[in-house]
Amino acid sequence: MAIGGLVEGSSAGGGYSGRVTSFVVLSCIVAGSGGILFGYDLGISGGVTSMESFLSKFFPDVYHQMKGDKNVSNYCRFDSELLTVFTSSLYVAGLVATLFASSVTGRFGRRASILIGGTVFIAGSAFGGAAVNVYMLLLNRILLGIGLGFTNQSIPLYLSEMAPPQYRGAINNGFELCISIGILIANLINFGVEKIVDGWGWRISLSLAAVPAAFLTIGAIFLPETPSFIIQRDGNIDEAKILLQRLRGTTRIQKELDDLVSASNTSRTIQHPFRNIFKRKYRPQLVIALLIPFFNQVTGINVINFYAPVMFRTIGLKESASLMSAVVTRICATVANIVAMVVVDRFGRRKLFLVGGVQMILSQIMVGAVLAAKFKDHGGMEKEYAYLVLIIMCVFVAGFAWSWGPLTYLVPTEICPLEIRSAGQSIVIAVIFLVTFVIGQTFLAMLCHLKFGTFFLFGGWVCVMTLFVYFFLPETKQLPMEQMEQVWRRHWFWKRIVGEEEEEREARSIALSTT
């Protein structure tokens, strides 16, 4: 077997019957639209922080630096602790909220967390559009963070549990596609409202976040719960069977239903998911739930997501051109997301991780090299090289969008058994928010001090994470989540850990039987 390779002998879909029905598609479209909330916020925050009217009202020091203080380095024009607090405060709130969301999702269901998240997000949008001071802006960010903490924790779980195993990758990747669409919509709105002469366009940008939140909240009222949660909640096998037949479009669902019941029975023996996920037998899931989202963020992708307009202004593009450049990069990412949905269940997770990793390594090195050669502390950068940076950034976001972007939400949800699935997903989202906060809070300062070396730093991290995938991540395509334990027993490294756990358990059983 190749290092980290596919489990031999696994059949597509684990022998389950069924197809992708319109019922599955509609349910997942409503749930997946929660990704638009996350994407919209990422795109909007980056756009408004590059608008002169917004900066002059709330961050006047940054505005004066940007307008031409000749003593300030090009790399330092947007360096402001208050500005980065505005951008990154959302992620602290999201980090705390997602830990609470785990218990809500596990006890009251995936739909309950989606409803809570959407409702709080609507409230946050109102404060953003009506803001008259920095404190209202920060309240806006905190409420949005709470909303995203709940939706990002529950929606990937919902999608993975509703999808047929053989199409789980494509359906779950729809969440990342929605994130990309949300960023694209935000970039287009920013580009349009920037032209409003009176300078209040940023209010439209911030308040329109309520539109996708309202769609998600209203839609969630009519969403069914997942069969896994129905069985886990009250053991109602008949209700789960009827729902599963509707989802799969066939009455031949007994094998999948039996696996769900078995997984639910196991999960009932687990009283403290967060405590149990640290047990030795769940060590592979814990390591991957920690490292995959960590690596996702140290690619530098959220530098592009919420600082793209700022970065393009830094290298010399005007306000309108910088906002349009952010639109171009997001179109590339959206197309790449669609490609990922088409190929992820055919080629598997590992190949996309590895190809995307190599693509991102080369892109970060090339951006760093261009900036080192052509962009100094003072003076401008030739427009031709500024657009070359834009092209390389398009290659970078495309590499992320068909690999680490969607797979960060897919892989951890499908490898965690039901008894620790909600806790595992909370860890994933918590790590994403924590590392996003750190990067969001430090990037402008890093850019100021490391300059072009910032991109070499991100490139180095992408090298590390690509090697991690090659050696330690097994292939999981088309394997039912309830049968995922066989992956670890056959992996060259993880079998040493989970295999020893099984041997110890068997030894204890023999010892008890002889006493």
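Easy rule for this one: first residue shown is 1, then count along the chain.
Even glycines carry a Cβ here, placed using N, Cα and C.
Nobody curates TrEMBL annotations by hand; they come from automatic prediction.
Some features that TrEMBL has for this protein:
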DOMAIN    27-477  domain 'Major facilitator superfamily (MFS) profile'
TRANSMEM  20-40  transmembrane segment
TRANSMEM  82-102  transmembrane segment
TRANSMEM  114-136  transmembrane segment
TRANSMEM  171-192  transmembrane segment
TRANSMEM  204-223  transmembrane segment
TRANSMEM  286-308  transmembrane segment
TRANSMEM  320-340  transmembrane segment
TRANSMEM  352-373  transmembrane segment
TRANSMEM  385-405  transmembrane segment
TRANSMEM  426-446  transmembrane segment
TRANSMEM  452-473  transmembrane segment
Check: Counting only pairs 6 or more apart in sequence, are there at least 3 Cβ pairs under 8 Å between the transmembrane segment (171-192) and the transmembrane segment (352-373)?
Finding: no
Check: Could you give the mean pLDDT over the domain 'Major facilitator superfamily (MFS) profile' (27-477), rounded to a whole number?
Finding: 85
Margin query: How about long-range neighbours of the transmembrane segment (426-446): same chain, 6 or more residues beyond its ends, C-beta under 8 Å?
Written below: 78-80, 83-85, 87-88, 91-92, 94-95, 98-99, 101-102, 105, 145, 149, 152-153, 156, 274, 277, 286, 289-290, 292-294, 296-298, 300, 302-303, 306-307, 310, 408-409, 412-413, 454, 457
Notebook entry, point to check: Residues sitting near the transmembrane segment (82-102): Cβ under 8 Å, six or more positions beyond its termini, same chain?
Noted result: 41, 45-46, 49, 58-59, 61-62, 113, 116-117, 134, 137-138, 141-150, 152-154, 273-274, 306-307, 422-423, 425-426, 429-430, 433-434, 436-437, 440-445
